[in-house]
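First up is the structure itself, then whatever we jot down about it.
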Amino acid sequence: MQTLAVGLRIVQQIVLVPILIAAWGTELYQDWIIIFSASALFAMVDFGTQIYFGNALMIAWSRRDMVTFRRLFATAMGIYAVIIAVVAVLLFGATTVASWPLLLGTQGMNDHTALWTFLPMVAATLGLVPLGIFTGLYRVYGDYVHGTVLVVIADAGRGFGVCLVAFSGGTPIVAAWAYLVIASLLWLAVVRDLRRRFGPIPFSLGLPTMSELRDAVSRSALYFVPTVVTPIVLNLPIILLGKLGAVPGAVVAFSVARTFTGFVRQIVLQMCHPIGCEIARQQALDDTGKLGRLFKAGGRLTSGMAGLLSGFTLVVADAFIRIWTHGAVVFDPWLVGAFLVTIICAAPAQVALTMFLYNNKPGILVFAQGGYAIGTVVFCALLIKGFSAAGAAAGTGLAECVSIGLLVPFAATRQIRLNLGLYLGQCYLVAAMAFSASWGVAWALNQLIQAQSLIFLMVLGGAWAIVVALPSYFLLLSSAERDWLYFHGLARFSRISTFFRRQVG
């Protein structure tokens, strides 16, 4: 399911960027990105309560304590109603005193366009906050996959809806209202589906007692930091780029480069989750020897894959970005390089990150991710003035490398009793070798193919994959892992061939 979500998000981004640039132009698209980022920050008003109430509802349902279940549901809805009402009043007051282009950092929109693009986007974001309690009911009732499918489809639907509006000649205001309409339709779909599957929903509004409020606040605070980090690191650099007088087109260049290199990041992250699960299991069994070997193998694999994909990405970046954006965005090697270096430097930490995610020890994650968010704001504010989009990329990268790339492996290697310097050194050596080989092969093939169109880029990618496949197999995997794959693959092939022979016979 996570793969489906990532795949849909990648397809959405591939489609979204060229359509919006072609329909609105670079300046208006830049303003749209800024407004989208500003509105997305309002998801932080959840304050971690969604996870707290979702867990509490699941516990009450498991115990068949329906009185507590209904009370928790009503309390959650009441808290959200108060939060949204307060935010709405503050927004209404801001509309009377603020110049929205000045406040948001937009350049091509006037006050009216900026305001009526921003407000529907904020309304959609705020409206989806309490919906998290409803979608959490799927997990409570034991049907987590179905709820996730609905959310993934709706997320993709909002993006494709915006594309359809822009492709049809609609303005950003129309696109923003379409975004809100699709969010409203998601509400209707979820409520209807829950009633159809599980019967009546115990919907009501209730205010918490002081004891309930203290419990909710104290527990939600622990979940607040992880939930707030993603909106901050994704959206604040864009807002700061718009506010701090960056050169024209810097926001678009930053967004395009981050989306493009994000494909590499997503592939690396997807590899970490099964490894992290197995590491957490071995840690629970207290199998120190196997745990250490698995941790080092996971770091080697993710680091090598990050280097391998980054080398190819750097070679094709110029042609791909030009084709993707119809020539509206110029390739900046420093900007793309900053994102790729960050991915490589943080790769050894990703296995450790998932280990702490699955072993029920979130303290280090809260501390590291909090530092990541704060560092992103500070470093971006310092570097954007002098280096524009590349400064924003370097700022977020520096924050991630320090707080995630160093702190998390430090804590993990202490628990596993490994040498931090030796672990990082081995990971970075594999990453450097993989990057060098990948870049060299891609560069040499590109000199022969001269990939300047999408078809030739696909040919280049296929040829590159064929050439690097065998060396990567030996570089990224140890001999024990290769033997395991060989014997399991041989056994699987034997079972398949036996099955077909029986069918034929």
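Here the Cβ of each residue, glycine as well, is placed from N, Cα and C on the backbone.
As recorded in TrEMBL:
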TRANSMEM  7-26  transmembrane segment
TRANSMEM  72-94  transmembrane segment
TRANSMEM  144-167  transmembrane segment
TRANSMEM  173-191  transmembrane segment
TRANSMEM  220-240  transmembrane segment
TRANSMEM  246-264  transmembrane segment
TRANSMEM  301-324  transmembrane segment
TRANSMEM  336-357  transmembrane segment
TRANSMEM  364-384  transmembrane segment
TRANSMEM  390-408  transmembrane segment
TRANSMEM  420-442  transmembrane segment
TRANSMEM  454-476  transmembrane segment
Is the transmembrane segment (454-476) close to the transmembrane segment (390-408), in the sense of at least 3 CB pairs under 8 angstroms with a sequence gap of 6 or more? no
Verify whether three or more Cβ pairs under 8 angstroms connect the transmembrane segment (454-476) with the transmembrane segment (420-442), leaving out any pair fewer than 6 apart in sequence. yes
Other than its close neighbours in sequence, what residues sit by the transmembrane segment (336-357), given a CB gap under 8 Å and a spacing of at least six beyond its ends? 257-258, 260-262, 264-265, 268-269, 272-273, 275-277, 279-280, 283, 295, 298-299, 302-303, 305-307, 310, 313-314, 317, 364-365, 390, 393-394, 396-397, 400-401, 404-406, 408-409, 411-413, 423-424, 427-428, 431, 435
Report, as numbers and ranges, every residue of the chain located at least six residues beyond the transmembrane segment (144-167) whose Cβ falls under 8 Å of a Cβ in that stretch; write 'none' if there are none. 1, 4-5, 8-9, 11-13, 15-16, 19-20, 23-24, 124, 135-138, 174-175, 178-179, 181-183, 185-186, 189-190, 193, 197
Can the transmembrane segment (364-384) be said to touch the transmembrane segment (72-94) if we require at least 3 CB pairs below 8 Å and skip pairs under 6 apart in sequence? no
